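Copied over from TrEMBL:
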- 1-21: signal peptide (SIGNAL)
- 307-321: domain 'Glucose-methanol-choline oxidoreductase N-terminal' (DOMAIN)
- 588, 589: FAD binding site (BINDING)
């Protein structure tokens, strides 16, 4: 899709006065109560909450800056969420993301994959697909049991989901026409800073997939903001309903409090190293802005929120991590924590595409149609560009008819997964993506409209890791997600592929599909063929988690305790998805906000 000059102008006006200059003239050492490294959803939530007390000073360190100042309206328009999210190393924009590429992956025939991670205020909430789901109650209970802290169970965790949430239901005569949405009583909060709503434009393809899912045993249910992740529903998204723009951690948490004198943002500034005193107490962060290196001192705590790749990287270059790795790079060992960078889980997805006889996002490849859509979005924030694309989701455990081929070992492992933890997520996508090399690649140039149904493995057992390549934060870490390397995961993705094929072949879909399955096509039939197809065409959902996992003090691989405090040192926490004890089912951004709200309260309460 072409970017709109008109929208870029609108974006430029909207950001006036928001860019915060990092100290470029001189760089004296500065002292704050709290120094937060990373301006993503974890870091901005904690920093905003801590700075509510005017007597507390907070610094935020962010390597990027305001996304709008670099890419115009890309981070504002929901339909632009697929920019730079392909797996090709060429599908990147180093101005707003880190341009990470994984190491060669054994589970996908040695491919190296571009892994988008944002470099901007707001972090990955500027680049993600905007879907907002709260994880399953059973997953939270497993979290509580794993770490030995009942406050992570739904009864308490739900309070923190609500604390961040400002929910708006479908607006009559504007949103999701000809469809029905519902929310569970008691699940709604309107007091938080984070706008969550339904996109004002419903994809026609999704209305038919909803019927097909229902006919195939995935009935419609309330929105996934109540601890339930089973059934199907229109997907809630981080969209501000007043203007149709993407809601990020920057727009929700940071922008409204920029006038606070006790909150300082050091953008375009790289956190190089955490500084410790002789008692292994974190006392500050060495940073670089431009060509100047200086120190931000922390009187109380350093809080690391660099994300699943850069949080463990920062710990490791600072001397907290596996001792053998640190010694290899001549880094003095502050705390030998073998779990730093390990135990990383992720979600992968793949799809099947059909030609269809209705309007899809493919239509926006026509210049006249795109111009009309741009005009509508500029006018009132509605229309095709107000949709992030994937707007209808289903969750389930693989049905019994497809489990009969699972090995005994896989069935035994899956029996340990909580009963309400789904194995698969299904998501509509009103376009053609093929092998995901570029998520914005044009559809086949043959005059047809295309749509895809995706399956995502959300109960994976494959675990990867992230390790430093050098003692410098300016050098990229070695990222090894280790996707699809267990028999369980292979059996699940094969079954998931068969399941979305069943949904797309439901009789009701015959009303809109044209011809047989287009991609990958009927030639892909056997389990081995399906596995090979998934290896070729999969992409990551960008949900890497748990590389600084939370756990009990008796767990040698645990990196942080239940208050997100790093074991083996003092006054240091990690607050982002890397601190999850495992990768959670569903879409993780809601749980990052939940965790950050909870830890901010812990800090305020002296824990």
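Every residue gets a Cβ built from N, Cα and C, even glycine.
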Residue 588 (FAD binding site) CB neighbourhood, other CB atoms within 10 A: 28
Integer mean pLDDT for the domain 'Glucose-methanol-choline oxidoreductase N-terminal' (307-321): 99
Three-state composition of the domain 'Glucose-methanol-choline oxidoreductase N-terminal' (307-321), taking helix and strand from DSSP: 11 helix, 2 strand, 2 coil
Cβ-Cβ distance under 8 Å to residue 589 (FAD binding site), same chain, at least six residues away: 41, 124, 125, 128, 131, 132, 238
